[in-house]
Amino acid sequence: MHEQYQAPLPVNSPALPEPFYYLHNFRAVLAWIGERYADLLDDQERAFIAAFAELPEASQALLVRMVMRKGTLFREGKLAYAEIGDTRAAVQPLLALGWVDAQPTLELAQLFGLLKKDELSQLFRDHLGRANLRKDALLERLQPLFPEARRLAEWQADFAEPVYELRCMALCDRLRLMYFGNLWQDWSEFVLADLGIYRYESVEFSADSRGFRLRADVDAYLHLFDCRQRFDLGEPLEELLAGLPGEPYANPWLEGRRVKLLFQFAQHCEKQRDFDLAQRLYRQSSHPGARLRAIRSLERGERFAEAHALAREASCAPESDAERQGLARLLPRLQGKLGLPRQARAAAPEIDRLDLCLAFPSEPCSVEWAVREHLEEPGCAVHYVENGLINSLFGLLCWEAIFAAIPGAFFHPFHSAPADLHSADFRQRRAALFEACLGRLEDGSYRDAIRCRYRDKFGLQSPFVYWELLGEELLEQALDCLPAAHLRAWFERLLEDIPGNRAGLPDLIQFWPAQRRYRMVEVKGPGDRLQDNQLRWLQFCREREMPVAVCYVRWHVDD
């Protein structure tokens, strides 16, 4: 294919002025892990850290470049970097350590990932005739003819450009997991922080602050992550369930991941109409909503007596407002199926209704924005806030509690939220801090506290504050027009169930600054209906006589 391979000239990295920025970050991670996780490392991992420190700088940099790239297979020409220089020289120590392989065995799909279409067409010309197929169609045609993996030289003897396979990716992923406490964060966090794109709150935590206490916990996380990946790739559920621990993990955080995976497996079964397996998996899971889905699966499987018994049990102690709402629908229906007296449903508070017939927008815009434009008038400001305003005010007022250095909540510099944010004991572990923050609503100091946090923390990552939404005008109108008692009620509800209650708030908020009053408005276009979490928030507000309305929109189209 190539008579002689000539590597392209390397180019400078555009990311940061310091050419080895990524290497400095990787070294910092290794030092952090060595300081905090030495007791969780095995001999291979310790040897990796020690050997990495002894490598020439160019070899260190090349390895880190490969680790940060997508995949594990690279043509040499794709590894050309000005700061590294001669790629072939830099890779030699990595080959000697076995961290990189210069003779990888490639399946056909991997070969297709490396080569361009014209290279593939030339390589397989004897099998294609005159067919001019897309690359994916070409792979589909050739797959039955080449089921076995081969070395590159066996695929193409005269392919002159070296291909390298990274062999230590699993080890590096494990180190990344130990540092971040998860696998959804990656090495780009450092770059985004260095560039100022993301800025994080500085939390003081000690050297023993870490995400994992036991090596077995790291193993368990990786196992659950692998199960989820295999599930996404379509591996039979029976095989996955056989490898999933049947007993709860002692670590609450890992147990949360296990029961969530069971919940996701059960959802899959429910979609496949395997209601028996679905209800069994739901009942093995304590993930929020699992019990309600188990009842629903029993009902759909026409096991009405079992569904009714479980629903009665749940109604004695609902786990959340969402479950209470679902049970209020399910129980009367199940009672009807069983010929039992139907339980009367409590009457929901009357929600103010606003009906609008608006001219169809001449330019594309959302129905919420059209209503905002219609409602705004002199003396009345209208903002499209949805969940952003109340969450932001809560996040600013309670900043100290949210970012308190509670053990296990923060263990690296890139936390946008405490690791236990969704834990059942999140508030309890910070009870005094939250009470102090919320107490400002009682003594009137909350306005100054929120303004101070807005100035001091502006732009820092937060799980609650929508900086792009919360301009100073909106903030001041909210502080002037929203009663402290209403803020306290909303914030208390958020803390009761953060994952369940942080969404569902009305789309718009109207302010009448001169009168220091407000109204929240949920907007529904033609064919839209209120979602369950929206209904719960609307009911919550009306029960407390908070001004809220639902606006139903019809479009008027001129002939």
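The backbone N, Cα and C atoms fix where each Cβ goes, and this holds for glycine too.
Source: prediction; values computed, not measured.
Annotated in Swiss-Prot:
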type: BINDING; residues: GLU386, ASP507; note: Mn(2+) 2 binding site
type: DOMAIN; residues: 443-555; note: domain 'VRR-NUC'
type: BINDING; residues: ASP507, GLU522, VAL523; note: Mn(2+) 1 binding site
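Features recorded in Swiss-Prot, as mapped to the structure shown.
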residue	record	DSSP (3 states)
GLU386	Mn(2+) 2 binding site	coil
ASP507	Mn(2+) 2 binding site	coil
GLU522	Mn(2+) 1 binding site	strand
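The average pLDDT the prediction assigns to the domain 'VRR-NUC' (443-555) is 97. Geometry remark: GLU386 (Mn(2+) 2 binding site) versus GLU522 (Mn(2+) 1 binding site), CA distance 8 Å. Counted within 10 Å of its Cβ, the other Cβ atoms near GLU386 (Mn(2+) 2 binding site) come to 20, all protein chains included.
ASP507 (Mn(2+) 2 binding site) sits 6 Å from VAL523 (Mn(2+) 1 binding site), counting Cα to Cα.
The Mn(2+) 1 site, placed at the center of the C-beta atoms of ASP507, GLU522, VAL523, has further neighbours from the same chain whose C-beta lies within 8 angstroms: GLU368, VAL371, GLU386, PRO506, LEU508, VAL521, LYS524, VAL550, CYS551. DSSP states for the domain 'VRR-NUC' (443-555), grouped as helix (H, G, I), strand (E, B) and coil, give 52 helix, 22 strand, 39 coil. Long-range Cβ contacts of GLU522 (Mn(2+) 1 binding site) within its own chain (separation 6+, distance under 8 Å): PRO506, ASP507, LEU508, LEU530, GLN534, LEU538, VAL548, ALA549, VAL550, CYS551.
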